[in-house]
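Engineer: Provided herewith is a single structure, encoded as structure tokens, for subsequent inquiry.
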Amino acid sequence: MTADHPQRAGDEEAHPKPEGRFNAIEPLTRLRAALPTGFTQPAIPDTRPLPTTTSDRRRASIGADSLDRDAHLWEKVTEQQESGHGLTGTSAEGETVLYLAYGSNLASETFRGMRGIKPLSEIPVLVPELRLTFDLPGVPYAEPCFAGTQYRDPGFVHGEDKEAQDSDLSIIDEDFLSEKEPLLAETQEVQRSEADRNRWHKPLIGVVYEVTLADYAKIIATEGGGRGYRDVVIDCYPFTKGFKPTDPVPDHPQTTPFKAHTLLSPSADEDRKKKEGAKHGDTSVVCTPCPKSSAFGDMGPHMRPDPEYAQPSARYLKLLVTGAAEHDLPIAYQTYLSQIHPYRITTFRQTVGKVTFLVLWGPLILSLLAFSKRFAGPDGRSPPWLVTLSNVIFAGLWTSYDCFFKKVFGDGERTLEDTPSI
């Protein structure tokens, strides 16, 4: 049945302000790929090379009526899905949306295989406004976190990061260190420089896929339907013609940008407001929580208190490294991804904790995965009751970890000997 097309014009409704929570449908989508062979029927991805998104299509993204610059597109798509009208008609298949991928969706086995998306074209891009994060909670001891994006610090975007770093170091030297503490000073500087080396200070690198409106609706549905990751319109810069993977990555791309949709981490706006407030000397900046969508809204799982703390699993990191290689992304970026430290269990106590945790919560997670496959609609959207059930279970899962498992069995988010980024 052909669905009505989402209206574009005259929609002045503001984005809901995010709260520090995530939708459990998001990690469930990624956990499906972590199941051992036999629990799921592996999808065979179409690995044929895709054509490059044309310059005409990129120029069309900045047009007044373009879906690519419609900041409310995900709201309209979600409303239409919630009203029972899926986007599977001729119009939805004929119109296309540009979508920026940066995490496991870089890998064809995930995006074109497990998720069943059929992109029409693709192009690697630089995104100066964003940075890669691993702040979407998963399952402690097994898959601690998944990839997301947040806005880059304005200082990095405008080339002011070195000055800020030097300023931070001088403050430490003047205010907190004395002549009797040279060893402490040296240790702090070594830790800071090591953390600095392990971070990517250039623009985010990803791949923009051209997908049908129907496939875009499927992406939004399986990413929480706008209640977790938040869809935003972002400027993307293609690499210069003739750019080779071995060439240096530019700090400030000079190519003509185009518009594309991408997904921000649930805590992205809160993080940005805190940074802007701190920059202007206001430490009281807070985000206004959005209204609860149901009686169980306050039982949804919270984001982790430190978004820079958790480490992804080796399995998940491999998807990012593989995807970057598939798209011939710059060698420097591939090297950065390959050098990210994965989470590793290093003590017998953690091993016991992992087994105990998975025995307790594993059956419930497997049930959620089975339910999401059984009851998902044609567009991939889970019914509201399943979203609520998933949120309640994941809230309980992380509460049990914080209140009991971490204290008794040790860290399930970060390898013990690794120092968090400073």
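The chain as shown is numbered from 1 upward.
Cβ coordinates are placed from backbone N, Cα and C, and glycine is handled just like the others.
If you look up TrEMBL, you'll see GLU223 marked as active site, proton acceptor. What TrEMBL lists as substrate binding site is TYR99, LEU100, ALA101, TYR102, GLY103, SER104, TYR316. According to TrEMBL, the feature compositional bias 'Basic and acidic residues' maps to 1-20, 269-282. The region 'Disordered' annotation in TrEMBL covers 1-23, 37-65, 245-284.
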Engineer: Across all the protein chains here, work out how many other Cβ atoms are within 10 Å of the Cβ of TYR99 (substrate binding site).
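Structural biologist: I get 26 for this one.
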Engineer: Any idea what DSSP makes of TYR102 (substrate binding site), helix, strand or coil?
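Structural biologist: Assignment for TYR102 (substrate binding site) reads coil.
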Engineer: What number of additional C-beta atoms lies within 10 angstroms of the C-beta atom of the residue listed as 'active site, proton acceptor'?
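Structural biologist: So the Cβ neighbour count for the residue listed as 'active site, proton acceptor' comes to 22.
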Engineer: For GLU223 (active site, proton acceptor), name the DSSP secondary structure in the helix/strand/coil scheme.
Structural biologist: coil
Engineer: I'd like the number of other C-beta atoms within 10 A of the C-beta of SER104 (substrate binding site), please.
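Structural biologist: Excluding its own Cβ, the number within 10 Å is 25.
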Engineer: What's the longest C-alpha separation between any two of TYR99, LEU100, ALA101, TYR102, GLY103, SER104, TYR316, the listed substrate-binding residues, in angstrom?
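Structural biologist: Taking every pair of listed residues, the largest Cα separation comes to 21 Å.
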Engineer: Including all protein chains displayed, how many Cβ atoms other than that of TYR102 (substrate binding site) lie within 10 Å of its Cβ?
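Structural biologist: Looking across every protein chain shown, the total is 24.
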Engineer: Near LEU100 (substrate binding site), which residues of its chain come within a Cβ-Cβ distance under 8 Å, counting only those 6 or more away in sequence?
Structural biologist: VAL125, VAL127, GLY206, VAL207, VAL208, ILE234, CYS236, ALA260, HIS261, THR262
Engineer: In whole Å, how far is GLU223 (active site, proton acceptor) from SER104 (substrate binding site) when you measure between their Cα atoms?
Structural biologist: 13
Engineer: In whole Å, note down how far the CA of GLU223 (active site, proton acceptor) lies from the CA of TYR102 (substrate binding site).
Structural biologist: 14
